[in-house]
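Reviewing the structure listed below.
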Amino acid sequence: MFTNNKYFTKEKLNKWAVYAIVIAIFWMKMYFIQGSIFTLGVENANEAAILAFNPLSSIFLLFGLGILLAGRKGLLVTYIIGSILLYVNVLFYREYNDFITVPMLGQVANLAGLGGSITNILSVADILLFVDVFAAIFLLFYLKSSRFPRFMPKRREGAIMAVIAIPLFLVNLAWAETERTDLLERAFDRNMLVKYIGVINYHVYDVVLQGQTEMKKTFADSNELVPALNYLNEKKTEPNSEMTGVAEGKNVILLSLESTQTFVVDNEVNGEELTPYFNDLKEEGAYFSNFYHQVKQGRTSDSEFILDNSMYGLNRGAAFFTHSSNEYEATPEILGENGYTTSNMHANDKTFWNRNVMYDSLGYDEFYGKQDYDVTEEKSYGWGYLDEYFFEESLDKMEEMEQPFYNKMITLTNHHPFTLPEDKKYIDEGDTSSGTLNRFFQTIRYQDEALKQFVEEFKQSDLYDDTVLVIYGDHFGISENHQEAMGEYLDKDINDYEQFQLQRVPLLMIGEGIEPQESDTVGGQIDLRPTLMNMLGVEDDNPIQFGHDLFSEDRREMMITRDGDFANEDYVGVKDACYDRETGEEVDSEACEPLFAEAEEELQMSDSIVYGDLLRYLDETELIEEEESDQDEE
Ligand code: GP9
Ligand code: MN
């Protein structure tokens with residue numbers, strides 16, 4: 001067709017037909033990516049139709065703006081940019097099962113370190129996603145030629161297209177609202193957002209959101225803290241008084257187990273226990289079997305944020321990056337005021353996840369990073385320093401530390417892509433359809449062996465009698481991408497309820513005064529701070545905490561995830577559906593409605609504090625309250 005350019009010159013080319021073809025091709029591509037590469041959970045024909053329709057408004061907007069700004073070239077350039085944007089989303093989605101947010105762009109270097117090998121997420125067939133782009137590039141140069149004069153988009157036409165995008169989007173939105181009301185206000189779940197408005201509109205929305213959150217800090221004032229103070233005051237539950245001070249003056253070791261989920265506990269593969277040591281160890285302390293991680297895009301760093309603040313991490317980006325200059329009154333700060341030495345140990349680069357900066361803000365005295373360990377090639381694999389050596393050196397360091405101390409150790413080996421040197425593979429791989437899950441079994445088993453060596457040595461050390469050891473999982477290791485394989489392994493269908501329950505991570509506390517027990521109270525990482533502070537008998541006067549002592553008899557059993565889903569004593573609420581927590585049976589969604597509302601309110605409350613940097617007003621606000629009560633007395 002290109003050789004016979006008479007076709008273009010002699011025939012009157014219908015410009016709008018070319019537009020239609022270009023739009024149709026991009027539409028098909030986007031439809032394919034959204035429908036076949038992303039797993040957005042399309043539940044009915046209406047949703048499928050929305051998903052098919054939603055690329056249209058963004059295409060009109062994109063190409064319209066392109067033409068408006070630069071005519072023919074503008075169209076082609078936006079075609080190429082749009083295609084690259086889609087592909088970046090494909091790669092990101094394959095790795096993280098999520099969509100990029102603006103704040104994550106600020107941590108690109110970090111993200112590059114996070115992924116497994118890039119070859120895992122590239123696929124030869126992806127070239128097909130660029131066939132049209134090559135054609136577009138070719139045309140970009142070809143169309144320069146004066147032999148092809150007829151297809152000359154006018155800027156006015158671009159403006160028309162961009163304007164048409166608006167009603168198209170409004171139709172899209174109204175249609176989406178037939179499935180989910182207040183879609184844009186309740187946009188916790190990016191998968192859902194993309195399902196309903198499409199990935200390009202999602203990015204536009206995310207940029208708007210970014211602007212809004214930046215404004216929040218600028219315009220925040222101390223009054224904004226009051227609703228949170230009132231809310232938390234209302235929800236407050238008394239900690240278990242029998243546990244108050246059981247660990248007074250003791251050291252605390254927090255041991256964050258990388259990617260460790262509760263399903264591995266007391267479970268096996270090929271007849272071999274996955275965590276033989278932990279299975280026995282948990283009989284020696286307080287073990288929590290309904291304890292959930294609550295992290296989002298910030299992964300391990302989110303768990304650390306939640307733990308030390310008893311506030312929620314953010315839905316977009318990692319607070320460790322985006323809000324490291326905020327004012328906090330975190331556990332290390334409070335403990336520091338009570339005579340504790342506070343530190344973190346993690347044999348990775350100190351700048352990773354911006355830890356060096358954030359740890360200062362949280363009030364840590366010391367951070368032992370990679371350069372503080374004897375990291376050699378022989379002792380490293382995959383992500384770096386193998387856990388067994390990390391543990392060994394960390395114990396030495398702790399023995400030298402000024403007491404009492406509060407120290408967090410973060411392991412590394414059981415991290416995606418879950419690889420190990422041959423001689424560290426203590427069990428065979430699994431035989432599910434997911435290589436990731438199959439290898440995960442081996443790295444979990446390795447971690448358990450390293451844990452054994454650590455705890456056994458710790459028990460022999462002088463530290464043992466004066467220390468509370470808190471072992472917990474930071475977050476999931478096996479993402480939704482491996483649901484099918486998880487189903488094969490657990491021999492059940494992994495629906496939304498099961499997937500939710502897989503977000504449980506182990507929590508075990510060992511130390512004098514902690515009675516061996518298995519607790520099935522529903523809780524999450526947000527509850528750790530108040531639990532610990534009560535055990536240490538430390539007066540923690542920061543009223544902005546969303547957690548509740550895990551030992552408390554009358555605690556509010558309500559664990560809220562960053563997606564606005566929740567588990568309480570009776571129900572699990574996931575994606576607007578309601579399940580009986582124990583049986584997993586779906587029940588009338590009405591039962592969960594007030595709980596979803598509570599989850600949303602609480603997340604918003606926490607966000608308002610982080611986005612507004614409101615803890616900087618804490619002293620001021622407390623002062624006002626005190627003054628008021630003084631006046632009341634007079
Ligand atoms: C690496 C550790 C693990 O430093 O934080 O990273 P993550 O689990 O957050 O991907
Ligand atoms: Mn982690």
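Residue numbering: from 1, along the chain as shown.
Here the Cβ of each residue, glycine as well, is placed from N, Cα and C on the backbone.
Listed features, source TrEMBL:
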ACT_SITE  THR300  active site
BINDING   GLU258, THR300, ASP474, HIS475  Mn(2+) binding site
BINDING   HIS415  substrate binding site
DOMAIN    250-538  domain 'Sulfatase N-terminal'
TRANSMEM  16-42  transmembrane segment
TRANSMEM  48-69  transmembrane segment
TRANSMEM  76-94  transmembrane segment
TRANSMEM  121-143  transmembrane segment
TRANSMEM  158-176  transmembrane segment
Within-chain partners of the transmembrane segment (76-94) [C-beta distance under 8 Å, separation at least 6 from its ends]: 22, 26, 29-30, 33, 37-38, 59, 62-63, 65-66, 70, 100, 120-122, 126, 129-130, 132-133, 136-137, 139-140, 143, 199-200, 203, 481
Which residues, same chain and not among GLU258, THR300, ASP474, HIS475, have a CB within 8 angstroms of the centroid of the CB atoms at the recorded Mn(2+) site? SER256, LEU257, SER259, THR260, HIS293, VAL295, ARG299, SER303, ILE410, HIS415, GLY473
Which sequence positions outside the transmembrane segment (48-69), separated from its termini by at least 6 residues, show Cβ-Cβ distances below 8 Å to it? 19, 22-23, 26-27, 30-31, 34-35, 40, 42, 75-79, 81-82, 153-155, 157-166, 168-169, 171-172, 175-176, 179, 195-198, 200-201, 204
Could you tell me which three-state DSSP class HIS475 (Mn(2+) binding site) falls into? coil
Conformational class of HIS415 (substrate binding site) under the three-state DSSP mapping: coil
Averaged pLDDT, computed only over the residues in the domain 'Sulfatase N-terminal' (250-538): 97
